[in-house]
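These features come from TrEMBL:
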ACT_SITE  Glu245  active site, nucleophile
BINDING   Phe64, Ala65, Val66, Tyr69, Asp153, Val154, Asp155  UDP-N-acetyl-alpha-D-galactosamine binding site
BINDING   Asp153, Asp155  Mn(2+) binding site
Amino acid sequence: CKSPVDRCFIRPRPRLTTLPHTGRTDVVTVTPWLAPIVWESTFDPVLMDAIFKPQNLTIAATVFAVGKYVQFLKDFLKTSEQFFFIGFNVHIYVFTDRPNDVPKVQLAPGRKVSVRVVQSSQRWQEISARRMEMVHTLLLELSDSTHFIFCLDVDSKFHGRWGSESLGELVAVVHPGYYGNPRSRFPFERRTKSRAYMAPSDGDFYYCGGAFGGSVDQVLALTQTCSKNYRDDEKEGVEAAWQEESHLNRYFWENKPSKVLSPEYLWQDFKPRNPEIRIIRFSGVIKNYAAIRPNV
């Protein structure tokens, strides 16, 4: 971490001063373009809810439970009822090729689950890459009553509050596997022939494809661009290194997120909790990819 842009998320030592409202000196809490980075103890949950709940917002979320990934859906839905935007109107859209396997979960008032049937695929890379296109189609259909949307991985569980502190026009989540690394180690797409290409000097943080969101209008623009770039690459026989995640990182480089969520908002169960991670809010479960993916 040698420059303001090529920076890690962890400060090498406590700073003497920090923003007066954060109470954190061990982590970076503001991006170089002055967007907030949300960590535990950088917001007041009571104050945030007092601001947003009276607005009667509806928060949408999308998950893809395709093939054997449907086995993770029950825990996702059950834990979302405990931690995801409690007290808000929430509409979760489940994309699946196995609608009969979608579990019934008791929902609180104001919360709803809808199922959208999609085709299966013999390649997990194809499933990953097509998500942008299908979310874009959904957003074109949503009414004005939906205000924000988050696109989340189904093979994950909520463990702590994910609420109004995460709302913003364009929201990215820093990848838990790379937040302590310098930019030179980020797994960006490095081939110039891909539209997801990132030059060695490009990039602020490495963002995960398993959680992102924002206002309906902003996510509509994001999914339209990423989907088009994927399709244009495909026509030329190119597939970005990490499919949608590669295109997402390119998009966030050119269109800076208005809010960045720390790795608390998508941790990985196989990773030990580092000292700066005071709470795990959402985390990918441990799984055998060979057993659940159509191809490895």
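In case you wondered, yes, glycine gets a Cβ from its N, Cα and C as well.
TrEMBL annotations: computationally assigned, not manually curated.
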Other C-beta atoms that fall within 10 angstroms of the C-beta of Val154 (UDP-N-acetyl-alpha-D-galactosamine binding site): 24
Distance from the residue listed as 'active site, nucleophile' back to Asp153 (UDP-N-acetyl-alpha-D-galactosamine binding site), taken between C-alpha atoms, in Å: 12
Recorded UDP-N-acetyl-alpha-D-galactosamine site residues Phe64, Ala65, Val66, Tyr69, Asp153, Val154, Asp155, farthest C-alpha pair in Å: 11
For the binding-site residues Ala65, Val66, the one whose C-beta sees the most other C-beta atoms within 10 angstroms: Ala65
Cβ contacts of Phe64 (UDP-N-acetyl-alpha-D-galactosamine binding site) (under 8 Å, same chain, 6 or more positions away): Phe95, Thr96, Val118, Ile127, Arg131, Met134, Val154
Neighbourhood of Tyr69 (UDP-N-acetyl-alpha-D-galactosamine binding site), C-beta criterion under 8 angstroms, separation at least six: Val154, Asp155, Ile292
8 Å Cβ shell about Phe64, Ala65, Val66, Tyr69, Asp153, Val154, Asp155 centroid, UDP-N-acetyl-alpha-D-galactosamine site members excluded: Val63, Val70, Phe72, Leu73
Cβ neighbour count (within 10 Å, all chains shown) around Glu245 (active site, nucleophile): 24
Candidates Asp153, Asp155: member of the binding-site residues with the richest Cβ shell (10 Å): Asp155
Residue pair the residue listed as 'active site, nucleophile', Val66 (UDP-N-acetyl-alpha-D-galactosamine binding site) - Cα distance, angstrom, rounded: 18
